[in-house]
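A.B. asks: Pasting the feature list from Swiss-Prot:
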- 255, 257, 258, 259: ATP binding site (BINDING)
- 155-170: compositional bias 'Low complexity' (COMPBIAS)
- 1-90: region 'Domain I, interacts with DnaA modulators' (REGION)
- 90-210: region 'Domain II' (REGION)
- 113-213: region 'Disordered' (REGION)
- 211-427: region 'Domain III, AAA+ region' (REGION)
- 428-552: region 'Domain IV, binds dsDNA' (REGION)
């Protein structure tokens, strides 16, 4: 059933990409080839688990095709879906090679004797590699990396053909073995071409700290009355894990610095004791990891990975709602860590007692430790945050500009930094200094008055729909043409900038879209306003109309 569903999805995806007005970019021959290497493993709890034979295929699917697959999949399944791609080197893809690749892409199985022959790059699908003309440079930025929370491993450079001819084939890591088999003679102990080999389970290192962002430290965190309690608690936890507050539960509106504090805990704790095993994950990453472990029958490895830790930090714990299996596993993980006197740090956009969609036994455990809330910073703190931002980005700005922005944008740090970035982008596009004149021009009619202005998602959608001469239902729908998709992405961006709504809440306002769709739109438009004058002007004009609108 899964294979049939996946075939329908890929066929629809390719068909949509050929339509002139489609939002989905043209899918190249190379990308079609990678699509045919994909094998569906499971569709569970709103996540499609896909298997590919090597890391280059994983990178292509996630980076260039992920959002398009998510869109088609969600529409077909009748609920929001995300995609989790995993590398499975044991996949037998030889018998299922794509048939729509030009004949000149076929590569012989033997190594030619010509000394200057260069074998196919091991990053490409077996037996063929695209010519330069196959790259879709027109849409190279359409689906930027990072649209979802997956970690993509960059493929290692391939060995030269000369080395391949001079040295016998040796055992390689799983992600490279298949490609190497196409380029060099096989030793007698290696499996025959196309034969399924026994799965070699990759080792997982629970000590790995690659999930921690080194930029998020206590040194770069601006402390004020609005965040002093969670900051003090976080510092104490980092200095003495499991001896101060366990669990530590940090909550507050989106964009106030919860994630920064969690990374700071991990970075400082490992600075004090490099032997500590620290892991930071979002609730979505935890869910994906759990689903993959069930699929691969590797639950014991999963348990070791999350229970053999000194500090476990899970961000946005509220997103475990509706995932009963994941909640069950997290409950047991929580108990195991707490009984072993290991530190647990959680974050959410609301206090534990308001997490009514989670099981009672989880909420009561969250309430057993210290609950620390963060609220919007005061004026002096907002100015300090902007000074730090300007210094970190190497941007020179007059202090009165920072005071102007800080005095008018007080809902969240994200909104504050967004206004600063907008001024910086305007100055960059116009090659102007960042002074009061530039700031006032960039933010003309956009800054709220001293009195609070209530801006809602409905107001933003109404103004955007009118601006682009479409109705609100069309804007909220699933239309893929640029005339509809672009306004929708602009509206999602403005909802993120001008309201305190979380990503899932914004998605609900747009017809139940998944939060990853909102995240993709926010990043895409945020990138475009620094590169495309048309997009920048649209955001300016829409914001002006929204803030001067009397709509309810």
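The chain as shown is numbered from 1 upward.
Each residue, glycine too, has its Cβ placed from N, Cα and C.
Would you situate these features in the structure and describe their surroundings?
C.D. replies: Sequence-distant contacts of residue 257 (ATP binding site), defined by Cβ-Cβ distance under 8 angstroms and a gap of at least six in the same chain, are 221, 227, 374, 413. For the recorded site, residue 257 (ATP binding site), the DSSP three-state label reads coil.
Here the region 'Domain I, interacts with DnaA modulators' (1-90) has a mean pLDDT of 81 out of 100.
Mapped onto DSSP helix, strand and coil, the region 'Domain IV, binds dsDNA' (428-552) counts 79 helix, 1 strand, 45 coil.
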A.B. asks: Note the Cβ centroid of 255, 257, 258, 259, the recorded ATP site, then list each other residue of that chain whose Cβ lies within 8 Å of it, in sequence.
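C.D. replies: Other same-chain residues with Cβ inside the cutoff are 252, 254, 256, 260, 261, 347, 374, 413.
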A.B. asks: Sorted by position, what residues of the same chain at least six away from residue 255 (ATP binding site) have a C-beta under 8 A from it?
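C.D. replies: Those within reach of residue 255 (ATP binding site), by Cβ under 8 Å and sequence separation of 6 or more, are 412, 413, 414, 415, 500.
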A.B. asks: Is it possible to list how many residues within the region 'Domain I, interacts with DnaA modulators' (1-90) are helical, extended or coil according to DSSP?
C.D. replies: 48 helix, 18 strand, 24 coil
